[in-house]
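Copied from Swiss-Prot, the annotated features are:
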type: BINDING; residues: 10, 13, 29, 30; note: Fe cation 1 binding site
type: BINDING; residues: 49, 69, 75, 116, 119; note: Fe cation 2 binding site
């Protein structure tokens with residue numbers, strides 16, 4: 001059963017959804033159940049995938065990895081999301097862009113998540 005803010009992906013066509021309200025039925029695409037994307041379960045270099053959150057004067061800067069993640073046509077970060085106080089903020093990225101996002105919000109506790117097209121879903125909290 002899908003829960004709020006979970007990410008699901010279709011293993012056939014690549015469709016990805018974020019659950020806005022949990023329901024009682026599984027998510028289906030291309031005739032099969034979509035796969036829940038669990039953070040940090042793919043065997044990959046953590047130093048290039050775990051988001052790094054920096055508090056700034058305007059809010060928060062989220063960078064992907066302690067070592068900058070590549071942003072090539074074949075390997076890139078698709079999006080960065082910041083969750084705070086029951087709200088979700090997302091920046092979508094393209095190959096060639098810098099894998100970071102600034103979110104101008106005030107909050108005491110935040111969670112940053114990102115999605116790598118090859119190595120999946122990663123998160124950290126501050």
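Cβ from N, Cα, C; glycine included.
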Cα distance (Å, whole number) from residue 119 (Fe cation 2 binding site) to residue 30 (Fe cation 1 binding site): 22
Cα-Cα distance linking residue 13 (Fe cation 1 binding site) and residue 119 (Fe cation 2 binding site), given in Å to the nearest integer: 17
Nonlocal neighbours by CB distance (under 8 Å) for residue 49 (Fe cation 2 binding site), same chain, sequence gap 6 or more: 40, 64, 65, 69, 114, 116, 119, 122
Neighbours of 10, 13, 29, 30 excl. site residues, C-beta within 8 Å of centre, Fe cation 1: 11, 12, 14, 15, 31, 32, 34
Separation of alpha carbons, residue 75 (Fe cation 2 binding site) and residue 29 (Fe cation 1 binding site) (Å): 24
Between residue 75 (Fe cation 2 binding site) and residue 10 (Fe cation 1 binding site), the C-alpha gap once rounded to whole angstrom: 19
Non-site residues, in chain order, whose CB comes within 8 A of the mean position of the CB atoms of 49, 69, 75, 116, 119 at Fe cation 2: 44, 45, 48, 64, 65, 70, 76, 77, 117, 118, 122
Binding-site residues: 69, 75, 119 - member with fewest neighbouring CB atoms within 10 Å: 75
Which listed residue (10, 13, 29, 30, 116) has most other Cβ within 10 Å, given these are binding-site residues: 116
